[in-house]
Amino acid sequence: MLKFMLACIMLMPLVNTWWAVQSSLFILTFVLMLYCHHDFDNYMAGWCFSIDSLGYILILLSFWITALVVCSSQKVLKENNYPPLFLLINIFLLFFLIMTFSANDYLLFYISFESSLIPTLILILGWGYQSERLQAGVYMLFYTLFASLPLLVSLISLYNMSGSLTLGLVESVKGADFISSIWYVVTVFAFIVKLPMFLVHLWLPKAHVEAPVAGSMILAGVLLKLGGYGLIRVLPLFGEANKNLSWLWVSISLVGGVVVSLMCLRQVDMKALIAYSSVAHMGLVLSGLVVFGWWGVNGAVVVMIGHGLCSSGLFCLANMVYERVGSRSLLISKGLMSFMPSMALWWFLLSAGNMAAPPTLNLLGEISLIISVVSWSKLTMVSISLLSFFSAAYTLYMFSLSQHGKYYSALFSCCSGKVREYLILMLHWLPLNILILKGSTIMYIL
């Protein structure tokens with residue numbers, strides 16, 4: 001992975017040439033794909049960095065989403081809104097993400113995990129739409145830092161106990177007494193906020209609504225996955241405590257998922273609706289992770305990849321509508337099928353992916369998660385049934401309200417879609433549906 005970190009550093013002098021950075025990111029993504037047949041049982045070791053199959057998949061997703069982010073942010077270049085600085089921030093963010101997913105030391109993982117917050121904050125504050133972006137930035141900063149400082153104390157305690165913070169060498173915490181349970185909650189809480197779980201999710205809709213399209217795409221596509229990745233790395237250290245307290249996370253996330261789904265049904269802001277739907281999806285992912293069975297962990301990773309592609313595509317679509325109509329409100333952005341007929345197909349395809357319809361990757365992941373959580377407790381069937389139903393309901397609500405009806409009378413002419421926009425949407429949708437053919441291989445690798 002060091003060679004890809006060096007490639008990111010080498011991209012930095014090219015920030016004055018937009019097309020060079022854009023094409024280089026796509027080339028690096030396709031070069032990274034050549035490693036997909038590598039034997040990940042033997043780590044690709046480097047200085048303080050190593051990569052297994054999970055890290056590889058998430059690094060590939062990071063490269064893919066960042067390339068699409070640069071491709072979809074042409075408005076920054078067109079309006080000359082500091083494009084070199086914008087590219088530099090995105091490259092820095094990609095660099096920190098590669099560091100996070102390939103770190104083989106818990107402290108290095110923590111530092112790069114927190115470092116990814118800084119470029120995201122700059123994206124929201126620098127290129128956001130409205131003055132409320134300051135409040136959104138503060139929300140995101142305080143929620144994340146409030147939860148992550150206790151994690152640092154926990155990692156120092158683990159170092160004092162084990163004498164090492166290298167992955168695989170840290171001694172697991174024995175027993176499930178009061179101290180171990182508190183230690184477990186403190187460690188896990190930072191990742192649960194980042195995921196985010198219901199009750200600590202308020203920063204996410206605010207950040208999404210105020211962020212530019214680049215911020216929304218990379219936040220939904222990759223940054224939410226940091227929480228899931230961190231849980232997979234940390235939960236094996238707290239086996240007994242996790243077994244005793246998993247009921248807490250499962251109940252909050254499943255009941256919270258149903259509540260958030262009902263909130264989605266009364267949203268009128270397009271970006272807020274997609275952001276709240278992310279909280280509902282991540283609730284099911286969290287349930288599968290804390291149960292920590294084979295089906296649960298693999299299903300969670302597959303849903304994280306599928307959600308990253310699908311949610312990023314939906315935010316991209318919402319931005320395309322916003323650029324033409326000038327509003328994110330579903331009350332104004334109605335009748336888009338008459339207004340932009342070619343784009344209606346992409347709305348339908350990505351909405352189908354959001355409700356986990358076949359043949360999307362989300363379907364495979366959600367079936368695995370449902371098997372895992374229901375085998376843990378039959379009682380969860382009630383919440384999962386409601387969650388699945390309302391997931392389809394709010395997605396259809398968004399699609400039907402935005403596509404059907406009489407379009408806003410102030411609109412008089414519009415470009416239905418540029419080739420670049422269709423290419424971006426195709427590059428979101430194609431992996432989402434093609435990867436299910438290799439879904440069993442992904443689960444086997446993991």
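For all residues, glycine too, the Cβ spot is worked out from N, Cα and C.
The feature domain 'NADH:ubiquinone oxidoreductase chain 4 N-terminal' is assigned by TrEMBL to 1-100.
The annotation domain 'NADH:quinone oxidoreductase/Mrp antiporter transmembrane' is assigned in TrEMBL to 103-390.
Taken from TrEMBL, the feature signal peptide covers 1-17.
Look at TrEMBL and you will find 47-70 (among others) tagged as transmembrane segment.
Beyond the ends of the transmembrane segment (82-101), by six or more residues, the same chain brings 1, 4-5, 8-9, 11-12, 15-16, 18, 21, 49, 51, 55, 58-59, 62-63, 66, 69-70, 73, 76, 108-109, 112-113, 115-116, 119-120, 122-123, 126-127, 214, 218, 222, 226, 229 to within a C-beta distance below 8 angstroms of the stretch. TrEMBL lists 82-101 (among others) with the feature transmembrane segment.
According to TrEMBL, the transmembrane segment annotation covers 107-129 (among others).
Summarising the annotation, TrEMBL assigns transmembrane segment to 141-161 (among others).
Outside the transmembrane segment (181-204) by six or more residues, the chain places 136, 139-140, 142-144, 146-148, 150-151, 153-155, 157, 173, 219, 223-224, 226-228, 230-231, 234-235, 237-238, 241-242, 244-245, 249, 252-253, 255-257, 259-260, 275, 278-279, 282-283, 285-286 with a CB less than 8 A from a CB of the stretch. Feature annotation from TrEMBL assigns transmembrane segment to 181-204 (among others).
Remote same-chain partners of the transmembrane segment (216-235), defined as residues 6 or more beyond its termini with a Cβ less than 8 Å from a stretch Cβ, comprise 54-55, 58, 61-62, 65-66, 68-69, 72, 90, 93, 97, 100-101, 106, 109, 113, 116, 120, 123, 167, 187-188, 190-196, 204, 207-208, 242, 271, 274-275, 278, 282, 285-286, 289-290, 292, 297, 300-301, 304, 307-309, 311-312, 315-316, 319. As annotated by TrEMBL, transmembrane segment applies to 216-235 (among others).
Beyond its flanks by at least six residues, the transmembrane segment (247-265) meets 188, 192, 197-199, 201, 273, 276-277, 279-284, 286-287, 290-291, 373, 376-377, 380, 383-384, 386-387, 390-391, 393-394, 397 of its own chain at Cβ-Cβ distances under 8 Å. The transmembrane segment feature in TrEMBL is assigned to 247-265 (among others).
Marked as transmembrane segment by TrEMBL: 272-295 (among others).
Per TrEMBL, the feature transmembrane segment maps to 301-322 (among others).
Residues or ranges marked as transmembrane segment in TrEMBL: 381-401 (among others).
Sequence annotations record features per position, and here TrEMBL assigns transmembrane segment to 422-445 (among others).
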- Contact between the transmembrane segment (381-401) and the transmembrane segment (272-295) (at least 3 Cβ pairs under 8 Å, separation 6+): yes
- Message: I'd like to know if the transmembrane segment (107-129) touches the transmembrane segment (141-161) in this structure, counting it as a touch only when three or more C-beta pairs sit under 8 Å and are separated by 6 or more positions.
- Response: yes
- Under 8 Å Cβ-Cβ from the transmembrane segment (47-70), and at least six residues away from its ends along the same chain, one finds 1-2, 4-5, 18, 21-22, 25-26, 28-29, 32-33, 35-36, 38, 40, 87, 90, 93-94, 97-99, 101-105, 108, 167, 213-214, 217-218, 221-222, 225, 229, 232, 301, 304-305, 308-309, 312, 316, 424, 427-428, 431, 442, 445-446
- Note on the structure: Lying 6 or more residues past either end of the transmembrane segment (107-129) yet within Cβ distance under 8 Å of it, the residues of that chain are 48, 76, 81-82, 85-86, 89-90, 92-93, 96-97, 99-100, 136-137, 140-141, 144-145, 148, 151-152, 155, 159, 165, 207, 210-212, 214-215, 218-219, 223, 226, 230, 233
